[in-house]
Amino acid sequence: MTEERKETLEEEKQHQGTDEEPLSRMSRNAGRYQKQKKKDKERRPAPAFTEKLASAWAAVKRYCRFALRILTSPVKVVGEDGFSRFKYALISMLVFSIFFSIGNWFQLRASQQRPLGYGERHHTFFDGFTVVLVYTLVFFAAAAGAVWLVSRYMMKQKITMRDAAAGVGSLLVPAVACSIVWMIFAILNLPVITVVFTALTLFLAASAMVQFVQILYKSAEKPAADVMYCISAAVIIMLIFTAVTWPLISEYFTASLIPL
């Protein structure tokens, strides 16, 4: 009986050893899981606001690289390399409109103290800024439409409105750079310098449309009219648009165009 008892005790010890092995393994795995969980808690993901800010900053840097490349030689880069981006072109139109609207409102406010009092009617910032911003964007859309019409019916070019807006907006980058300087002088209320930069900014903005018409004309196979008539047609379309809409917008622009 004693020998049988010894054998049973040995068997029980063996069973206990085999049972303890998976238990100890499970406890080790649980310990590792707790440590990993603690590390994951310490490595908290970046907040959503930080991620959005980082993506916005990356977008700004991409646009700046695009603008710097255009500024090196606008017509050559857009014409020869075909370097025009619809998304960045829209951003150029929006940025120009924002800077122009801000400077225009400061000129509108300063006109109340001028001798001739052009634009003496006061507008709140929201009113003056929003109206000019929307009108400027519509003006650029009309410019792209004028280029599309001329290229379609006078140059026999099958381009889309998207292509026309991409080209005009890309060539607008020099005017965007000039509008920043214009806005600074407009805020400081320096009439003489403001007039100079107003003329230069508007000239560069109009040149964007004219230069893109010339670029399209060079690539046309059988244009129906001379390049001079194509440019004149685009300019006439924009003059008609300005004449029709001027009565609606004149009180917002007169202070900037005639700072007297």
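Just so you know, glycine gets a Cβ as well, placed from its N, Cα and C.
Feature annotations, reproduced from TrEMBL:
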- 1-18: compositional bias 'Basic and acidic residues' (COMPBIAS)
- 1-47: region 'Disordered' (REGION)
- 88-108: transmembrane segment (TRANSMEM)
- 128-151: transmembrane segment (TRANSMEM)
- 163-187: transmembrane segment (TRANSMEM)
- 193-217: transmembrane segment (TRANSMEM)
- 229-249: transmembrane segment (TRANSMEM)
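The stretch in 128-151, 163-187, 193-217 that contributes the largest number of Cβ pairs under 8 Å to the transmembrane segment (88-108) is 163-187. Below 8 angstroms of C-beta separation, residues 93-94, 96-98, 100-102, 104-105, 108, 157, 159-161, 164-165, 167-169, 172, 208-209, 212-213, 216, 220, 230, 233-234, 237-238, 241-242, 245, 249, 252-253 of the same chain, each at least six residues beyond the ends of the transmembrane segment (128-151), sit close to that stretch.
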